[in-house]
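What follows is one structure encoded as structure tokens, with my remarks underneath.
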Amino acid sequence: MLEVLHSLLFSTLDAAPALVFAALGAMLSERAGVVSVGVEGMMRTGAFCAAVAALAMPTPLAVLVGMVAGAGIAAVHGFLSIRWRSDQVVSGMALNLVAMAGGTFLLESLFGPNGTPAITQLSRWNVPALAHVPLLGALVGHSAPTYLALTLPFAFHLLLSRTPLGLRLRAVGDKPHAVATLGLSVSGLRWAAVLGGGLMAGLGGAVLSTAVLDRFEQHTPAGLGFMALAAMVFGRWTPLGAFAAALFFAFGNALRIGLASSAPWLLELVPQGFLLALPYLLTLLVLGLQGQRGHAPAALGTPYEQESR
Amino acid sequence: MGERTRQVLPSVLSVLLALAVCWLTIALTRDADTATKAYLQMLWGGVGNWPAYLEGGNANSVLRPLGESAMKAALLTLTGLSVAVAFKVGLFNIGAQGQMIWGALAAALVGAHVSLPAVLHVPLALLAAAAAGAVWSSIAGLLKLKRGVHEVISTIMLNWVAVSLVDNWLVIGPLRAVAQGHQSSITGTAEILSTAQLPRLLGDSSRLNLGFPLALVAALAVWVWLGRTRSGYETRAVGLTPEAARAAGIPTLWRAGGAMALAGALAGLAGAVLVLGTEGRYPGTLGAPYGFDGIAIALIGNNHPLGAAVSAAVFGILRAGGTRMQLLGVHKSFPELIQGFALLFVAGRMVWLALLNRRRAQRAAVEVPRA
Amino acid sequence: MSLEDASLDIVPGELLAVVGENGAGKSSLMNVLYGLYHPDAGTFLMDGKPVRLKSPRDAIARGIGMVHQHFMLVPTLTVAENVVLGREPTKRGLLDLDRACDEVAATAKRFGFQLDPRARVDTLTVGSQQKVEIVKALHRGAQVLILDEPTAVLTPQESDELAQVMRGLVQQGRTVVLISHKLKEVLGVADRVAVMRRGRTVAEVRASETTVSALASLMVGEGSRGAALTGVPVTAGPSGSDTVAAGAGTASTRSDEGTAPSGPIVLDAKDLRAKGDNGRPALQGVSLTVHAGEIVGIAGVDGNGQRELAEVLTGLRALDGGEGTLLGGPLADLTPARAKARGVGHVPEDRLARAVVKAMSVEENVALGRHRQPPFARGPWVDFKGRRERTNQLLTTYDVRPPDPTMALQAMSGGNQQKVVVARELDADPKLLVVVQPTRGLDIGAVAQVHARLREAKARGAGVVMVSLDLEEVLALSDRVYVLYEGRVTGHFPRKDLDERELGRRMLGAESDHG
């Protein structure tokens, strides 16, 4: 029993970072009032660029490239939705489609259908002395993103609740006109949040191809971006809530994969499909129960126009 | 610039710009000559190689590609309509994919397990698909109208629930076809009966089937409904200003819920057309994400039913032709890239309008003599 | 809104009022002074030196503060967070909320405000929110404080209090610029008055040397048009609305006749209770009757249940308790559709949100609400021909400009949009007409026309319920007035007993002390 728990914990921590980063990125953007359905596309771009970059440079640097690539997609989103006040959902979905098709096209024309060549994974932090200690040992043997994912949500929490920038971001997501009349730049704040969100989503994608796998695969991130959105909503647009939800979803995935190998008889009773659907069903349930728009920022999705209020 | 031009021009320019950008992509990764040849292949693959045909070629060289295009256009029209109808009532239906999945499954089950003459079997299968899609979209509709849950989030979630439940459970589990003899590795549901197949319109040489006229009729019907009937008018009023519609005594919840259900029904029909027209059963997975494409089709068509049909026709041709590009080593997903960029440029509608207005302003400035 | 050739001198240490009709450019001018809008031409001198205000940041840096008509507060943040937003005190890079609260409390105390810095803004009353706005500006060291229509949402008594606050600020050496269209109030508090008309400043006078009627004439350009502003009942429309006058002529039962209502009862409601949008009780036992052929005014400070009452009467809001009869049917199960069917007309307060679909054409808007019946529909189909004919007819009768039935409604001016709404509602020949703030934001010509139309409806035998925050409007039109305070009726006056001060007292919740 303890061993099962141990391995579940280990694989949860291995798989969670991508989800955590993407959920934090989406949350950052949405708290400032910009809808972030493009997170899947940003992750895909980040994953692709990181994998390609890692062919030519050390993997940690390649991760940075992936982050910047995610921010690049976010910049297009910002240009359309902040600068030109386009519909934020449309812009995000368009970027998803472009990233989906563009990723496939570039992958096929540069490397062929089976993904990029294998790259050096991010190194893991092994502590042999601890590795076999039950449960505690599950905390070691991960690569850097895991530990980052365990700390960053708290940093984001601090940022939002305890810093001037956080206060302004919250204000701009709830009532941008109030922020504007105080001489602060609404678009500046939103740009910062959208680009920051893009960096995080790009990081989430990069982690997929440099830590979870060792290449970019054709379907990466296979809907993980949408699951990150679910985690953000489930976590009520708060960093710690999104973190908890992302961990929970990652645990669900680990449990499903774990069960498939260790207890296939259980999957006869509870089909895999149900377990796969569970995070989304739970999100729907919670939304249905708490009603309204949950705790979404008041100005979410509304382009800022100076002369209207 | 007339109102109609303002509506249409950005979409047309967006598609052209997307074509240009994507041409450049091939020209840069390969060379300009390949790019042009690939585009020609895409065109011949989409509308048929007319030059060859007119020089005495086989009629099939035209009929087959047209059939493929029409088939894809039919699916895109239906999912595009699905998104557009929801838009008219102010809802963003990202869930056409999930609705289509259930529609396809329902059509496959009715097609395979009910025995009826064709005149009844096809309509029944279509109806079942529409109903299944409507039920699925109504979950999002109810969550929105009763609980205020944003439909973008709920339909995204419902898509994944549909994929998980159908592809990862039903069609590999309880509904999987019973293996017959040597076909032990079959995935997906059982083959539909011949009575449930959508009739082919041009014989065996082309896969053009009843689905295409069906989609066109659907587009026309939606257009007439929205523009010329009381309930269509009410639906648009609800979409534009819900509070005013409510104050005017319009049953806003019914209209919004009805439009959302109709959106699901249309997406469900797309699933039926796929299964009854070409696939013959629910395959292991639905393959191309026509439901997501519907978002692009609707928006490029400016959320107008006929606009959606036109943009579906354009992208149906490009995508049917896209397979031919592989002859030149260009991946067949290329038309999807064009479609993605076109949607991105349409999302920048405001940029287009600003540019067009500036041009007009400049012309006006030139025409007015300086004082 | 446009400004042309507007000039303004602001002298330190004085209270300058800027008056003008709605749309005269007062708010635009102030937004220029505050750096929110950028002028196409013109100069702005401070202490004799030219200054360019690129954004509110520049204005704030130069000691200009502004209290907007629609409060610029983030409802989910606390008072202190709202006040310090943009210049937050920090300790080692982190927000120092304790210091923020202390600072805000100190500022509030210095100027004599009672505010809890830790309270969330969305829990405060309107009056307190306004104080937060003022503290916000003062906290930024505002020497010049601009207040845009600050009394629009206050009771007369709260307004008096605000006047004292403004005088106090001036005594402390600050400069106050007050934007208003309430002339009497302005003369009571200002040192100097600047008058704006159609984007221009047309006069600057000392408050002690002018009168309400003199200012009113300056505001509208010529003497005759000032009538509506000074509370004199308007009996006919201004030039350009002859057709109105024709209708209104028969209708001009002079409002001050004060006859007791005699028509049949169209609305008889007892002990109405309903919840507001926030879930708190908004109506707590309102009883009222309305007879055919009378205008019943509902007076009260904004947010005391008037809006909810109008919504109950039009079927838009469900009753929580109480009962009543409306046009022969029970009030309890009223829906908008049923209300329409019984003959209730509705001119709501927020036209763009409630009354029209602005992206639709004028004719589609004329059909709205009656689109199921002839001449707007034939069976399940839209009757394009019938709709066009009826619309053309109404556009002519009501002098809507331009008279183009295919034009998108949003392309019309606010006054013409309102005419379309009034035309549509009266065309249905309502037996009970519920109007809320029918003239807010309209220019004088449109105001007079709308008033004439209400009198016309009354003359045709409709019962009219008019909710207005504008006491002058209530006094000018009503045959009877109910005063609402916190969801209860605190006063009921027949026309002959109307008295502005007494109304004001009741609006603040005072019960009758003499009769």
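Don't overthink the numbers, they just go from 1 along the chain as shown.
In case you wondered, yes, glycine gets a Cβ from its N, Cα and C as well.
Bear in mind that TrEMBL entries carry predicted annotations, made automatically and left uncurated.
What TrEMBL says about this protein:
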- A:32-54: transmembrane segment (TRANSMEM)
- A:61-82: transmembrane segment (TRANSMEM)
- A:94-112: transmembrane segment (TRANSMEM)
- A:133-160: transmembrane segment (TRANSMEM)
- A:191-213: transmembrane segment (TRANSMEM)
- A:225-249: transmembrane segment (TRANSMEM)
- A:269-289: transmembrane segment (TRANSMEM)
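Residues 2-3, 5-7, 9-10, 13-14, 16-18, 20-21, 24, 27-28, 31, 60, 63, 121-127, 166, 169-170, 203, 207, 211, 238-240, 242-243 of the same chain lie 6 or more positions beyond the ends of the transmembrane segment (A:133-160) yet place their CB under 8 Å from a CB of it. When Cβ distances are compared across the two stretches, the transmembrane segment (A:225-249) makes no contact with the transmembrane segment (A:61-82), since fewer than 3 pairs at least 6 residues apart fall below 8 angstroms.
Residues 25, 29, 34-35, 38, 41-43, 45-51, 53-54, 88, 91-92, 95, 99, 119, 122, 145, 187, 190-191, 194-195, 197-207, 209-210, 303-304 of the same chain lie 6+ residues outside the transmembrane segment (A:61-82) yet bring a C-beta within less than 8 angstroms of a C-beta in it.
Note on the transmembrane segment (A:269-289): residues 227, 230-231, 233-234, 248-249, 252, 255-256, 259-260 of its chain, located 6 or more positions outside it, place their CB under 8 angstroms from a CB of the stretch.
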